[in-house]
Every structure is written in C-alpha cells, then in structure tokens.
Amino acid sequence: MRFSVLLTGIAAAGSLAAAERSCGAVPPRAYEQEFTQALSSLTAEAASADLTAGITIDTYLHVLTDGQNGNISDQQLQAQISAMNQHYGQAGVQFRLVRATRTNNANWASGRDEAGMKRALHQGTYSTLNIYFIPNLSSGLLGICYFPRANPSQTTITMDGCMVRSGTVPGGSTTNYNQGKTATHEVGHFLGLYHVFSENGSCADADMVADTPAQSKKTSGCPSSQDSCPGGGVDSIHNYMDYSYDVCMNQFTRGQAARIAQAWRAFRAGH
C-alpha cells in the first residue's frame, strides 16, 4: 500500500509541509479471496478472535541515510515503538523492538533498489515486522507496505514490511504528519486492514469491517465532522486507516481488532 503527500513547499524551520495524503496502490486482488479461504480453515475460536487476543510482534527498525538526510535519533525510534504500542493497545497488539540498524546508502535513501535493500537488511520471518525509514520516498510518498499473503515464497517474505518516510516519526520534520501515525497506518496494512474509505467513491463496504461506517472519500486535514454516506453513521475521520492529519487519528474499532487477529492467525502466526 502506498501512502503519499502532495508537497506544498518547505517551511521556514526546514519542515516538510504536506497538504494531504493519497494512495497510489490497492491490495492485491487475490487478498480478500485468500483471507476468506484462510478464515474458513481456522477453528471457531480463532475465527472469532478479537482485541483480547494479545499479539506481540518482533520488530526491526532500519534507518536509511544519504549522508545528510534521514537521521533519526535512538530516542525517536523508541518513541515510534511507544506510539505504535499506544495506538495498537486498543487492538490487542504490541511491538517488541529487537534491533535498530543504520545504513548510509544514497540509493536506498532515495527509495531506489528496494529489492537489494531488503535482501541486505530484512530480518526474521513472515511474522516479523521490518520498517525501513527512508528520507526520500518517490513521488512524495509517506509510506509503502505489503498486505499478508497465503503461502508466501521466500521472495515474498524478504520483500515484506513497510517503507516509511523518515520525517513522520515522532518529532520529525513532516508537518501535520509527525506523531508516528504514518507507521501505524502502514502497519495496519501489514496486519490486513484496508482503508476505511472507498477507493472508487462509492458507499460500498470498502474495508470489510462491520463497525466502520460506509465512507465514499478519504479525509483531508482534521475536520470537525464528515458524513460522505448519509444514513450509516458519520465518517471515521479519527480512524488510523483514514487519511487525516496525525493529530486527528486516535482509533481502531473492535471490528478492525478482530480482523487483525484473524488475519494474523491466517497468514502470519507461526510463519
């Protein structure tokens, strides 16, 4: 999943100003079918799992720099893990930082040679989270992450994980998106969550989660309210899987927590 910003310029203090986010990719077409098939093979207990499940994910953070850009302090890395643990606490998920790596490579720091970078740096298995912090993702992207797949090949495992713009960590330089919630959003895709809004402007059930109201458009900024599909409840402007400013995001639903637990058992647990 690609998560991007439309750049409006550089602020006086050197911060990266971002107008809004937009998505440049969609989940693999086979994902929902694979999810449904995998869910049908789970036990009734596992299939009904919810936010009480308790999932702990070993996590590796990789900091890419080009000699000048991309530096992230140890304190900011720990703050990112703490932020994710706070955000996902309501969904029963915690992240255990195993190790952080630092690599100075101008090519990788520009978002190029993703495969080469991941072959060199990826750690763990399909149940391990790797986040690559990159200062210059292409086309203004804030992040890219991969949905889980059934029966992953070794190449799929190596290419797994999330690439996130360095300036979005807590205290980072990306204005309106520097509370660590871009990583939280991207990891939602790693855990099997869709966006809460429709990708085609319809009021269909875009994310396959019953307790997120139908929403025909992404949220920009932090409005006081938004109701793009009247009759089913107001838009999920505070949900981590929308496109609001970081300050606006503070919620996963019980339905999303259940889907995370189900997808974890179907695709990642034990792999």
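Along the chain as shown, the residues are counted starting at 1.
In case you wondered, yes, glycine gets a Cβ from its N, Cα and C as well.
Annotation source Swiss-Prot lists signal peptide at 1-19. Residues annotated as N-linked glycosylation site in Swiss-Prot, with sequence analysis given as evidence: Asn71, Asn136, Asn200. Marked as Zn(2+) binding site by Swiss-Prot on the basis of sequence analysis: His185, His189. The feature active site is assigned by Swiss-Prot to Glu186. Among the features that Swiss-Prot reports, disulfide bond is placed at Cys222-Cys248, with the record citing similarity to another entry.
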Secondary structure at His189 (Zn(2+) binding site), reduced by DSSP to three states: helix
Rounded Cα-Cα span from Cys248 (disulfide bond) to His189 (Zn(2+) binding site), Å: 19
Local backbone state of Cys248 (disulfide bond), from DSSP in three classes: helix
Euclidean distance between Cα atoms of Asn71 (N-linked glycosylation site) and Asn136 (N-linked glycosylation site), Å: 12
Site of maximum Cβ density within 10 Å, from disulfide-bonded residues Cys222, Cys248: Cys248
Nonlocal residues around Asn71 (N-linked glycosylation site), in sequence order (Cβ under 8 Å, 6 or more apart): Val63, Thr65, Ser166
Site with most surrounding Cβ atoms, counting all protein chains shown within 10 Å, from the glycosylation sites Asn136, Asn200: Asn136
For His185 (Zn(2+) binding site), the one of Asn200, Cys222, Cys248 that lies nearest, given that the recorded positions are compared by Cα: Cys248
